[in-house]
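Listed features, source Swiss-Prot:
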SITE      ARG20  site 'Transition state stabilizer'
SITE      LYS27  site 'Transition state stabilizer'
SITE      ARG161  site 'Positions MEP for the nucleophilic attack'
SITE      LYS217  site 'Positions MEP for the nucleophilic attack'
Amino acid sequence: MKDFLPAFWAVIPAAGIGARMAADRPKQYLQLGGLTILEHSLLCFLDHPRLKGLVISLAVDDPYWAALPCAKDARIQRVDGGSERSGSVLNALLHLHAQGASDNDWVLVHDAARPNLARSDLDNLLGELADDPVGGLLAVPARDTLKRADSSGRVLETVDRSLIWQAFTPQMFRLGALHRALADSLVSNVSITDEASAIEWAGQSPRLVEGRSDNIKVTRPEDLEWLRQRRTEFGR
């Protein structure tokens, strides 16, 4: 890892509702240790000295953001989100271009509901990818036995996990390359699940940088309960 870490922009797509949480508000606005999940997800970036600025993509009718203290942070700029993650990220990238950001600038895209990113993981990602020609993402090697199933839920085979990784965020790519990949994939009606898949579709191979397994995304109620319990155990 390089001793000198590159400057970067952060993009947080936060226009989703998180239906699987079955909560009274979008999951990023649920409480975790006195702050919302979203605030925790932002903090690791806002505390970093190499941050150039942060763009958050929000639902047009979002009623929660303005009440958060961080909404007044001058380093954070708000844009309207899209109907899908890729559209929300693309809107943020277009905003960065309009603000004069360079195609060669690094952009880190992070899930709004991934509140446990460690500073050490962020620094490691920045250092490992500083000179990478493509970029990459935090990820964790698969640990459990993996099964491939048919449409009825019956096991077809056990998958070799030795080369299987779970994709996490942040995902770090050059602004211009990511902008082109997302825009082209949308025009071609390609299903894009994360930024790395857009770069893959464009013919590039992102690098996997191993991170901590506790950098989880809150998707179901038990995920939030696990994080709350963990914070209690460690006194945070």
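Using the three backbone atoms N, Cα and C, a Cβ is placed for every residue, glycine included.
Distance between Cα atoms for LYS217 (site 'Positions MEP for the nucleophilic attack') and ARG20 (site 'Transition state stabilizer'): 12 Å, as a whole number. If you measure from the Cα atom of ARG161 (site 'Positions MEP for the nucleophilic attack') to that of LYS27 (site 'Transition state stabilizer'), you get 31 Å. Around the Cβ of LYS27 (site 'Transition state stabilizer'), the same chain contributes GLY16, ILE17, GLY18, MET21, ILE37, ALA113, VAL218, THR219, LEU224, each under 8 angstroms and 6 or more positions distant in sequence. Local packing around the recorded sites ARG20, ARG161, LYS217 was summarised as the count of other Cβ atoms within 10 Å of each Cβ; on this measure the leading residue is LYS217.
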